Amino acid sequence: MREELKGIFASVFGEKEGLRFFFAPGRVNLIGEHTDYNGGHVFPCALTMGTYAAVAERNDGLVRMYSDNFRNAGIKECSLDDIRYQKEDDWANYPKGVIYEFQQRGYAVPHGFDIVFSGNIPNGAGLSSSASIELLMGVVLQSYFHPEVDALELVKMAQHAENHFIGVNCGIMDQFAIGMGKKHHAMLLNCDTLDYEYSKLNVSGLALVIANTNKKRTLADSSYNTRRQECNDALLDLKKGLDIAALGDIKPSDFDAHSSLIQNETNRRRAKHAVYENHRAIKTAHMFKENNIDEIGQLMKESHLSLKDDYEVTCPELDELVFAAWDHEGVIGSRMTGAGFGGCTISIVKDEFVDDFIQKVGDRYQEKTGLRADFYVADIGEGARELKGE
C-alpha cells in the first residue's frame with residue numbers, strides 16, 4: 001500500500017521527502033445497535049479494511065488534502081487560522097473538524113501538511129468511513145505534534161468533532177472501535193461509562209461475512225437524529241417513575257413493568273428496542289466466551305427483528321439480505337449492522353459454506369431488489385495507528 005500511496009501522492013503534490021504513512025480501520029458492530037447514544041452496550045470490532053494516508057509536512061499554515069476515493073473533488077485546501085465547515089468541502093470536513101477540535105482544546109497545530117487519503121471501505125455502507133477518516137487525522141496530529149494525547153482522548157475528540165463540526169449526533173461507538181481496536185477481538189463497551197473489555201472471538205470454523213446492500217444512504221439525511229429524540233422523550237417519561245440516567249440503566253423486566261409511563265406508543269417501541277438490545281449485546285459477549293454459537297445466532301435474529309419492527313431503521317433491501325441469509329443452511333446468524341436505512345448486514349457463516357452463501361444470497365437479493373450486493377469476508381484488526389514497518 002505504501003508504494004501505491006507514494007505514487008498517488010507524487011502525482012497530486014509532487015515527490016517529497018519524509019513521507020509518513022498512517023491507517024485507521026473501519027468497524028463493524030456485531031450486536032448492540034442504536035444503544036450507544038442511549039447509554040447502553042455495544043459489541044464492535046475494528047476491520048482490516050480502512051483508510052490509509054500519506055503525509056508530508058509543510059512550512060506554512062496551509063493544509064492540502066486529496067482523496068483517491070473522491071478524485072473528481074480535487075484538492076481541498078484550508079488555512080490553519082481559518083478552519084470552518086464548508087458544505088462544498090464535502091468529505092474534507094471530517095479531517096478539518098478534528099484539526100479544529102485539537103485547536104479548540106489548546107493543542108497547537110504549528111504548521112500545515114499535504115495529505116493523501118485512500119480508503120477501501122465502501123462509502124455509505126455503514127462501516128464508518130467517516131469515523132475512520134476522523135481517527136486517521138487524529139493519529140496524524142498526535143504523531144506529529146502531540147504524543148501526549150492518548151487514544152481515548154483522540155476517540156472523544158473525534159466524536160465531538162462529528163457532533164459539533166459536522167452536526168451528526170452520533171454516539172461514541174464508531175470512534176471507540178476504530179481508535180481502540182484489537183486484532184482478533186471484539187469489545188464490549190459501556191457507552192455511558194466507557195468501561196470496556198476485549199472479548200477474543202473464538203470463531204474457529206466460522207467466518208464473519210459483511211454484505212453491502214448498495215442502497216444509497218447518508219446518515220445526516222436519514223432519520224437518525226429523529227430516533228435519538230424519540231428515545232430521549234421516552235427516557236423523560238420513564239424518569240417520572242424510575243431513578244435512571246439513561247435507557248441503558250434499565251433491565252428488560254423493569255422496562256416491561258414501567259413501560260406504560262411512556263405516553264407515546266412510537267416512543268415506547270423505540271425505548272423497548274434500546275433496553276432489550278443492550279441486554280442482547282451483554283449476553284452475546286458472554287456467549288462468545290462460552291462458545292455458545294447457536295445462542296449468538298438467535299440473539300442476532302432477535303436484534304434484527306427489533307430493529308425492523310420496534311426501531312424501524314431497516315429497509316426492504318436490508319431485510320431481503322437478512323431473510324435470505326436466515327434461509328441458508330450454512331448461516332449461524334445474520335442481522336443488519338450500523339445505523340440502518342441501507343448499508344450492510346453481518347452474518348456468521350460456517351467456513352465451508354462461505355462461497356455458496358455469497359452466491360445464493362447474492363442471487364436471491366438481486367432477484368428480489370434488482371441490486372447487486374457486495375460481500376466481504378471480514379478480518380478483525382488493530383486500531384488507528386502510524387504504519388511503522390508495516
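Just so you know, glycine gets a Cβ as well, placed from its N, Cα and C.
Here is what Swiss-Prot says about this protein:
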ACT_SITE  Asp174  active site, proton acceptor
BINDING   Glu33, His34, Thr35, Asp36, Tyr224  substrate binding site
BINDING   Ser67, Gly124, Ala125, Gly126, Leu127, Ser128, Ser129, Ser130  ATP binding site
BINDING   Ser130, Glu162  Mg(2+) binding site
SITE      Arg27  site 'Transition state stabilizer'
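Everything Swiss-Prot records as a feature, shown here on the structure.
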residue	record	Cβ contacts under 8 Å, 6 or more apart
Arg27	site 'Transition state stabilizer'	Pro44, Cys45, Ala46, Leu47, Leu127, Ser128, Ala131, Ser132, Met173, Asp174, Ala177, Ile178, Gly181
His34	substrate binding site	Arg227, His273, Ala274, Glu277, Leu307, Tyr311, Val313, Ala339, Gly340
Thr35	substrate binding site	His41, Val42, Cys191, Gly248, Ala274, Glu277, Asn278, Ala281
Asp36	substrate binding site	Val42, Cys170, Gly171, Ile172, Met173, Leu189, Cys191
Ser67	ATP binding site	Ala73, Trp91, Ala92, Val116, Phe117, Ser118, Gly119
Gly126	ATP binding site	Arg217, Thr337, Gly338, Ala339, Gly340, Gly342, Gly343, Cys344
Tyr224	substrate binding site	Val168, Asn169, Cys170, Ala339, Phe341
Winner by Cβ contact number (other Cβ atoms within 10 Å) across the binding-site residues Ser128, Ser129: Ser128
Arg27 (site 'Transition state stabilizer') in three-state DSSP notation: strand
Asp174 (active site, proton acceptor) CB neighbourhood, other CB atoms within 10 A: 30
Separation of alpha carbons, Glu162 (Mg(2+) binding site) and Ser129 (ATP binding site) (Å): 12
Number of other Cβ atoms within 10 Å of the Cβ of Glu33 (substrate binding site) across all protein chains: 28
Cβ-centroid neighbourhood (8 Å) of the substrate site, Glu33, His34, Thr35, Asp36, Tyr224 excluded: Gly32, Tyr37, Asn38, Val42, Gly171, Met173, Arg227, Ala274, Glu277, Ala339
Annotated substrate contacts Glu33, His34, Thr35, Asp36, Tyr224, maximal Cα-Cα distance (Å, integer): 13
Binding-site residues clustered about Glu162 (Mg(2+) binding site) [Cα within 10 Å; pool: Glu33, Ala125, Ser130]: Ser130
